[in-house]
């Protein structure tokens, strides 16, 4: 429902603009209203009410759901004082001691509840989501820290100077004479000045840091796997930063939203949710399937590309879904890829297997000019512990040419232009080759046994030392390979989607038709130059192709 923008969690306020409000209190009320409550649409955890499946009762169910929503909002409004007092006490006892030890904890960031629902794959387990977002915490923090306001930085420097000066004088006086501590409110002043100094320093950027927002955002995409397409090429814009802050919010904003939740949740339940009642009833009726032995489940959980695929996300010709049935942001395709990589023994249905085979063919075609990057994979993935997958992703994003060529200085490989998509395809192609402790990929033959099943000893790699072989277990290697493989698939699929959006005829052109040159998403200037190069039409087309061939030959020489 979050993927289809069905729940009222996005609002536009007069002064603040577009905001997202989804707290634990509102989330609990939604679960109570739809799944767990006495008047919920579900009878129990595995069975939808029979009347919800009949189209003739949709209006009566919508009125009943709207009435239940208003009553639940009124109950929240009556209990608002008690819940507000509880939230204040809970926040005080939870963060008071932490603020004393680490005053800068309020300036740290965390993934919001809305961000966790927005970024979660279909059929992704909770611990898998937590591990994936944990890997993306550092790149997301670096991206958000790349935005600095000059005016705010100057103000923070002045505040830090005056607060630090007064604090230093007070500390020096207490060291000189302990009786200074007996002065009224002196400890309070020292504590507040320390908090003010720590908070001001968090707004002062590093003078020597040079950040590239496009690359940082691509590294975030490598772990989150989802990103609105209008962010591409505008990573340095304030609108992109504000929308990213809705997914990756300050700890202080999280605490403030939880404190405001007892007041705002009843208003949302009374005024914002009842107009969506009919859409919610239709959603449960249209997207519920009965699985034998399981019960009623959401049809998106079946990862059916034919029913919920999007033609713009590598599923053209394989899906029959209408706009209403499609999952947004390519979630069906990426979720299917993630589930296949996380469960290599899974037997995909025919349509899902066809989609995975189609992606593998695209990988082989895009990586053909460079071949598999086995050298880069072995050196980056297995050479430096837990940070190795990040190093591999960094090499693909920052140096796609070297990553695709396997980090081998061969002149024949330096003659081919390389995009991020082809570099990711080259590295992904190398993952299908035998690696220490690696099982089969998602699109390999299911009859091929895993190393654990066959009992075979994994081949010795020169990148692995004896101590490394002793410290790394086979499961750890498999987890690192699966994480890096899914990250590269996310980058690759998003790159192809972006190229298709930029192309007037799309990526799926007939064999022998002229293709657009590659475009790297990190360079908006290259994209604009590409558009200028493709403007001539008509009789100039053949001359332009000849000129481009001559330019390529000169560049190769």
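Just so you know, glycine gets a Cβ as well, placed from its N, Cα and C.
Unlike curated entries, TrEMBL annotations are predicted automatically.
Between the stretches 400-431, 432-463, 464-495, TrEMBL puts its region 'Disordered' entry on 432-463. TrEMBL tags one of the stretches 125-144, 185-204, 205-224, 225-244 as transmembrane segment, and that stretch is 185-204. Counted over residue pairs 6 or more apart, the CB atoms of the transmembrane segment (151-173) and the transmembrane segment (69-93) come under 8 Å in fewer than three pairs, which marks the two as apart.
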